[in-house]
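> Quick one: structure below, then a few questions.
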């Protein structure tokens, strides 16, 4: 195919999933171009690697392309998509291009409603430490690699499998992980949870007879589909029937310490004493998936232990920004940023924050993501948001959706006030959020910024504000 397709264009190249695929294709020797409405770290990195990145969408951008890659976030009336179709240039969904990359190697696909990015990162890190040098495509920046994708020399490619648009059914990996199954992106499945579960069953049918499905049996919905999975299964979790099982898990100084018991292929493997450089029981489960795969692939135990102990995390997944001074100069607060935007993953992250910073006041700055999700999970949002000590709530990040009555930020604010668990502060514009946080904090607080939209820029703005303040004060001194 390479002698036919040489120039590949990405519409929305700065997106997490798109930029990773673009980087791997660059490393494979393809000429890559792309467009996006904004400039971010991903577009800057791709440009530095040789990609041609254009600001804004224009029909002329696809000139010379042999294929145009699009994600589901790109509408059908995008001028570049229309131009490609008029010129008979193949328009390739992102998941189909990922599937083509997987055909070059043995695929390890990480699926599930929550935890995909962290689990994919843990798997890639453990395999790399074991000397397998995997290729990886991740939906977040792997801090140890400084990128969300890399072309390795080994036999495996590790990637996220996206159920949001059912595109994971395009993949044919040899190893699959299902972390959990929850009601999200239900528009794709006609608001029928049974259809969503059936899609995950069909996902496991993509495995070859020699493949394995690595399933978290702590999740009741994963356990429910277990009898319908016909391919070999490895069960992981805290449950007694898990083959890769964590026991004695405890939080210690922002890390998780636990013992792993392993029963695979009728053999009892030596237990592992793990120190995971991430907080939260949910991350213990994510690490168990990586341990299961590593054990199957005969990665040395010492490499597994070392990789998890030295794991540097993923961008916007409980990303610690350290201590930031309070405006009154009386002390500091701890700043953490997280991508969580579904009530289940939010609850897990907030529980991890409580465990990592016991006894401290927890301040949450949250930007809801999508009106449909806010509508569908409204009561669950009210419940989880009511567990924090102080709350700053913004308007919904639309992600291209039209507003829905009674499913916006103000509606959530009103419902939280009625519930009476916490008194929310509604922040109209995201530009006002950094100052709103500074107005709300006290010395010793833990501040978590959370959401999948533009709130991701807020932690950097807070850090920059502190640096500029210190610089000004230093100059005055």
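Cβ atoms here come from the backbone N, Cα and C positions, even for glycine.
As listed in Swiss-Prot for this protein:
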- 112, 113, 114, 115, 116, 117, 118: ATP binding site (BINDING)
> By the count of other Cβ atoms within 10 Å, pick out the sparsest of the binding-site residues 114, 116.
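Taking 114, 116 as the binding-site residues, the minimal 10 Å Cβ count falls on 114.
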> Provide the three-state secondary structure of residue 113 (ATP binding site) computed with DSSP.
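For residue 113 (ATP binding site) - judged by DSSP and reduced to three states - the answer is coil.
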> Counting every protein chain present, what is the number of Cβ atoms, excluding its own, within 10 Å of the Cβ of residue 117 (ATP binding site)?
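A count of 23.
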> Are there residues of the same chain, six or more positions away from residue 118 (ATP binding site), whose CB falls under 8 angstroms from its CB, and which are they?
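Correct list: 140, 278, 283, 286, 314, 317.
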> If you skip the near sequence neighbours and keep only those at least six away, which residues in the chain come within under 8 angstroms of residue 115 (ATP binding site), Cβ to Cβ?
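The list for residue 115 (ATP binding site) reads 179, 180, 282, 285, 286, 345, given in order along the sequence.
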> My understanding is the cutoff is Cβ-Cβ under 8 Å with a sequence separation of 6 or more in the same chain; which residues meet that for residue 112 (ATP binding site)?
119, 163, 177, 178, 179, 180, 181, 216
> May I ask which residues of the same chain, at least 6 positions away in sequence, place their Cβ under 8 angstroms from the Cβ of residue 113 (ATP binding site)?
163, 179, 180, 181, 182, 184, 342, 344
> Once 112, 113, 114, 115, 116, 117, 118 are set aside, which residues in the chain still have Cβ within 8 Å of the Cβ centroid of the ATP site?
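Here the nearby residues are 110, 119, 179, 180, 286, 345.
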